[in-house]
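J.: Could you have a look at this structure, given as structure tokens, before my questions?
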Amino acid sequence: DLGPRGGGRGGGRGGSGSTMFLHSVNLWNLAFYVLMVFLASLGLWDVFFGFEENKCSMSYMFEYPEYQKIELPKKLAKRYPAYELYLYGEGSYAEEHKILPLTGIPVLFLPGNAGSYKQVRSVGSIALRKAEDIDFKYHFDFFSVNFNEELVALYGGSLQKQTKFVHECIKTILKLYKGQEFAPKSVAIIGHSMGGLVARALLTLKNFKQDLISLLITQATPHVAPVMPLDRFITDFYMTVNNYWILNARHINLTTLSVAGGFRDYQVRSGLTFLPKLSHHTSALSVVSSAVPKTWVSTDHLSIVWCKQLQLTTIRAFFDLIDADTKQITQNPKKKLSVLNHHFIRHPAKHFEENPMIITDLTGTSMWVPVKVSKWTYVAYNESDKIYFTFPLANHRKIYTHVYCQSTMLSLTLRLQDYPSLSHLVVYVPSIHGSKIVNSLKKRQDPYSFLLLIFFPLIYQAFKINVVSKCSGAKEEITSIYKLHIPWSYEDSLTIAQVPSNTEISVKLHVAQPDNDSHVALLKMYTSSDCQYEVTVKTSFSQILGQIVRFHGGALPAYVISSILLAYGGQLSSLFLTGHCLEYTTMLDKEAKPYKVDPFVIMIKFLLGYKWFKEIWDVLLLPELDAIVLTSQSMCFPLVSLILFLFGTCTAYWGGLLSSTTVRLLSSLWLAVKRPSELPKDIKIISPDLSCLTIILIIVSWTTCGAFGILLTYLYYVFKNSKLSKRCEKKSNHHKDTTVYNIHLSASDAEDSLRMHSTVINLLTWILLLSMPSLIYWLKNLRYYFKLNPDPCKPLAFILIPTMAVLGNTYTVSIKSSKLLKTTSQFPLPLAIGVIAFGSAHLYRVPCFIFIPLLLHALCNFM
């Protein structure tokens, strides 16, 4: 049995608070839930804390930053009252450009989820300093859009609106250059987070011309899929954008670079930032910041916009992209890609050359010094003249296989067999003024060691490599470099260690190895021949758990709700069979088993491989199975669903404990305000007051926000049952009821009802949590829009409000004899399967699976 061990029929009916809740759980089950918490904590720790320290240097402004608001046409400002366009500037540049038109190269910055338009200041300031260095021969004008810090990663209803506004901004920006000699015809775009997706979405607009964008650079943008698909507007937007880019791949000539933050960015995992395959022809690159030359650091989701190393690389690329004839970004796609490759993929430690010279003349009156030794070091101080050092190679080819050269700013390794006709190696030391340069050259039999990680193709494999270095008699400081190279994606990482040292290297993947790729991951170790190195490779269990959380943590709510639905079905079944509702924990232990859910999902996935079953599936208009979606993203792993189910059951248990405790605390507070006299004598399912309240809540949901109506309904339901909770502790005799239903409510029935209501509150809590993003968005934009449009929660609110109004007045005694109860008790099992099959990658579908059994439960009062 892979789930928690089942308990008995539960404890007694007495007790209060968490004591009664825990009484029905045996020690083995409690130990299981504690173990699950421990394992989940290990995975969470790896995601949120198991990465390198922030090695990014802060980028500072040399002058006070200013944001000049660009006046938009009145119709445009009225149509988008919450959005604005700004021009960034500092000091004299800002003063000069307050008087338009402009003369530079336009770059538009698009902030992401809850992002500020002021985030443009880091890249804008560095670009301004670079322009000053070349006496403003070229300069960039950085614009930034104010999206009012909207939560577009949680609520997708405004993504299309943002896209249309950006289109208008581009047209407005280009008008600012009218009449100039070198007026631009396009704009370069830097998009952070969801801003990068909005930039890609521009191409889907009917009247948009892709020539308006000269270059697109996205930073920590989840291109593949949304991080949390909490409403259908987000998933529809993603589907529209990605499908357009796939279907029109050969016609899209937009050069695109996607930069991920690495493992420090736990908000957007780097695997989501890699542009989907087939969505581009040859004009796109995807890279992790830890693999970017001259950067070599992982960035978190916010620091990626101000990380000095990365922004310097970005600005160097921008200036190398300038066409000297047009004084704008080049329109040559090959040059664009060459420049991006030069700066972000493979930097040869020199300035970009469009047509590099193969033959170089070494002229001048410099000193030429021949060197015949195999190890050589030269230190140049202060006022040194330029010198050429020559190293003959003929006498060393039989003994040595490589040449390794390291200077203050550069290290280089050459394999001699790759240069059979090379007779000499020349090291050029330029003239030095007021600084120090150290050059060392060694001919070595093996300049670095190779550690092949053959069995390393999956995202669930994780290792810890420990390198212990020891040196004997080394007087000078020795540095070792360990580079992890992943050949199928640009996600390399670099570790630098001083010798002697004990260095730990974490090895795990952002992107799984493609099926048609036969390369192996490689750890390159640049070491010293004077030292000894001991390398130990161990599987890291905590990092494996971290990978599961990182890649599948967003699906956990679906597994939690699946477990609660199974327990809910068990309670309804016990009410039908025995006339009593058992404890939530008892039914959770008994019913929440992975073998009740996972085999059906696996079977459906298997059958969908057959054409006849797929045709039936399509005729029934059923959506794509989430397991197939995960397989397409190389994220499907047999044991993952089992682990998530166990984590979900654990969360459902502790969530139930929290829910029960909260209700009883609220009941205590209610008792302090107003002491209830006795249990209700009359059970009225529908009353005039309740009907009036229901209509009011529906009107509120229609005129404001559906999630707001759900919140008010939730508060009403919790308040209603907090009163019942305290009444259950009083044993009193009740007279026969004289209402339509003629039902007598005993203390035992009231306790059964409270158990059922506690589970319903648990389910309703998850509906509320999944609808909270649209509520937060609505509250944040209340000064602009009183009514949320579009509203993903409005249809659900209209049906949920009257359902919960009826359930609030429902007692087990009123439904135990219902003809519909048996059918109602059987529904949660297929719905628990449906939640995993269709809701694990589409969380916005989950409330529908919760609502169906609640509706049937309410209908039991009338049938």
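The count begins at 1 with the first shown residue.
For all residues, glycine too, the Cβ spot is worked out from N, Cα and C.
Heads up, TrEMBL stuff is auto-annotated, nobody curated it.
TrEMBL feature annotations, pasted as is:
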TRANSMEM  30-51  transmembrane segment
DOMAIN    102-320  domain 'GPI inositol-deacylase PGAP1-like alpha/beta'
DOMAIN    555-862  domain 'GPI inositol-deacylase transmembrane'
TRANSMEM  556-577  transmembrane segment
TRANSMEM  625-647  transmembrane segment
TRANSMEM  693-717  transmembrane segment
TRANSMEM  760-780  transmembrane segment
TRANSMEM  792-811  transmembrane segment
TRANSMEM  831-856  transmembrane segment
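Give me the structural setting of these features: burial, nearby parts and distances.
T.: Across all of the domain 'GPI inositol-deacylase PGAP1-like alpha/beta' (102-320), the predicted model scores a mean pLDDT of 93.
When Cβ-Cβ distances below 8 Å are used as the criterion, the transmembrane segment (556-577) is approached by residues 584, 587-588, 590-593, 596-597, 644-645, 647-649, 651-652, 655-656, 752, 755-756, 759-760, 762-763, 766, 769-770, 812, 815-816, 821-822, 824-829, 831-833, 835-836, 839-840, 843, 846, 849-850, 853, 857 of the same chain, each at least six residues removed from its ends.
Sequence-distant contacts of the transmembrane segment (693-717), counting only residues of its own chain at least 6 positions beyond either end whose CB sits under 8 Å from a CB of the stretch, comprise 757, 760-761, 764-765, 767-768, 771-772, 774-775, 778, 786-788, 791-798, 800-802, 804-805, 807-808.
For the transmembrane segment (760-780), the list of distant contacts is 148-151, 154-155, 157-158, 230-231, 557, 560-561, 564-565, 568, 584, 652, 655-656, 659, 663, 704-708, 710-711, 713-714, 717-718, 721, 788, 791-793, 796, 800, 804, 807, 843-844, 846-847, 850-851, 854, 857: same-chain residues at least six beyond its ends, Cβ to Cβ under 8 Å.
Outside the transmembrane segment (792-811), and at least 6 residues removed from its termini, the chain residues within Cβ reach (under 8 Å) are 155, 157, 231-233, 683-687, 690, 693-694, 697-698, 701-702, 705-707, 709-710, 713-714, 716-717, 720-721, 743, 745, 749-750, 753, 757, 760, 764, 767, 771, 774-775, 844, 847-848, 851, 854-855, 857-858, 860-861.
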J.: Mind checking which residues reach the transmembrane segment (30-51)? Cβ under 8 Å, same chain, six or more beyond either end.
T.: 4-5, 22, 262-264, 266, 298, 506, 541-543, 545-550, 553, 646-647, 649-650, 653-654
